[in-house]
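Enquirer: Okay, these came from TrEMBL:
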- 115-572: domain 'Cytochrome oxidase subunit I profile' (DOMAIN)
- 26-45: transmembrane segment (TRANSMEM)
- 120-144: transmembrane segment (TRANSMEM)
- 169-190: transmembrane segment (TRANSMEM)
- 202-221: transmembrane segment (TRANSMEM)
- 233-257: transmembrane segment (TRANSMEM)
- 302-324: transmembrane segment (TRANSMEM)
- 331-352: transmembrane segment (TRANSMEM)
- 364-390: transmembrane segment (TRANSMEM)
- 402-422: transmembrane segment (TRANSMEM)
- 442-464: transmembrane segment (TRANSMEM)
- 476-497: transmembrane segment (TRANSMEM)
- 523-545: transmembrane segment (TRANSMEM)
């Protein structure tokens, strides 16, 4: 809140119509932005209390321990240790110390899992993490170009070429690969059946990676589709991605078909629906028959928004319906709420693509349908958020003892705030001054990063230790979480404020260059926040390495070779 006040107080021009700040969409967005800020402050407060509480009582305890030490200085006691070898007494010397990072609950190993599926999943996550590092390194470089635009003069590194490299790498490389690998794992587990075909899983992995590699090189060379956002890859490249997705779809359906339970768990509903939708979306977007004139723009809105809502969002909701109850060790609050959210998301989300083109030459009726459907999205978002938070009910105190639950909580909070903010942005009154500004950049990061990426991290931290028996360092998981969260807030909040001011300046007819000068401090905050986020990704990559090839967790009893990342019960 101090950041918001400082930014508004230092750059808000008195000449810009203050009445615009009373617009319903602006008020709604302000309230929604306050929610993740307050949640962040609450998490910081909880962490401080957990650290400061024992510290206040550490003095008397330390005195007592110091007075006890001489009693154990006799030679006869020298062979004694802090454990008796039977697991009854351990860590008795921690009473006089204060841990800055509280001990977190360790993951439980997953016995009986197909070792082939475990290796396949780790390859998906490993390659996805590579694309996260690559894509966000490109994004970090683009952020630097906002404050130092003449940093290079190489055509392959120009802003217009690198920007789609960044977005497509994190879309199709990082998020899609991580989701696909986790989807294979979850579908197999909830179906209580092995993956239909490991070979098809490996082929999907290779095809999707090939698409991102070839697409990135082509974009930097200036070879692109010439279409809209997120479909810059030329069609032969995207055909590889589509082939990988179709193989994944047949694999998932085949796994569900051989399930050993009568019911199909809700996670499988969401995951399979997401894969079906992305296959349809890609085919529609790259079929040339309706790509002329306004048809191209309408298809662009459909493709762009369905990619986010019916591929990434739908898939991650399915993963969350499995991992959140698992981490809380409690059933999902309401299966019915989940089904309500499922069908209403399909009903409304498929209609909202053209709200990106309000006041354009697209038929007014089509714009109105998109706006009405955007309001209808309140139903699935509220239903899903309520379902997740009510599943948390009675377990919020466990957030401090878990390194996965904070990621899920933040993802759920941003799911509500980011989705509802998208509804507010669809109103004609707010779209009038937010469109074409940095506000939309902030909104896209609020959803793709705050929702998709945070939930993916929670799923990865919940899964990999169960497969390998190796825990990530608690301190670096905390560093990853806080740098990513604070970086996201430093990135999005200033851009939303600056984007609003810029749009209002345009409406008042001020010179365009004035709006560029106005955005300078907000772009600086963008670079600061983006840098924090980028550093956190390298910390995450280190944590993933430690979970796969690091020292074995003390709590694990599975014997394994130092070169074998899988515990004995998995590889047996």
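Cβ coordinates are placed from backbone N, Cα and C, and glycine is handled just like the others.
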Enquirer: Take the transmembrane segment (302-324) and find every residue of the same chain, 6 or more past its ends, with a Cβ under 8 Å from one of its Cβ atoms.
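Expert: Result: 171, 175-176, 179, 182-183, 186, 189-190, 228-231, 265-271, 273-275, 277-278, 281, 284-285, 332, 338, 341, 345-346, 349-350, 352-356, 384, 388, 391-392, 404, 408, 411-412, 415, 444, 447-448, 451-452, 455-456, 458-459, 462-463.
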Enquirer: Among 169-190, 233-257, 331-352, 402-422, 442-464, which stretch has the highest count of C-beta pairs below 8 Å with the transmembrane segment (364-390)?
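Expert: Per the Cβ under 8 Å count, 331-352.
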Enquirer: Are there residues at least 6 beyond the ends of the transmembrane segment (202-221) whose Cβ is under 8 Å from a Cβ of it, and what are they?
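Expert: Sequence-remote neighbours of the transmembrane segment (202-221) are 120, 123-124, 127, 131, 134, 156-157, 161-162, 164-165, 168-169, 172-173, 176-177, 180-181, 232-234, 237-238, 240-241, 243-245, 247-248, 251.
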Enquirer: Mean pLDDT across the domain 'Cytochrome oxidase subunit I profile' (115-572), rounded to an integer, is what?
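Expert: Overall, the domain 'Cytochrome oxidase subunit I profile' (115-572) comes to a mean pLDDT of 92.
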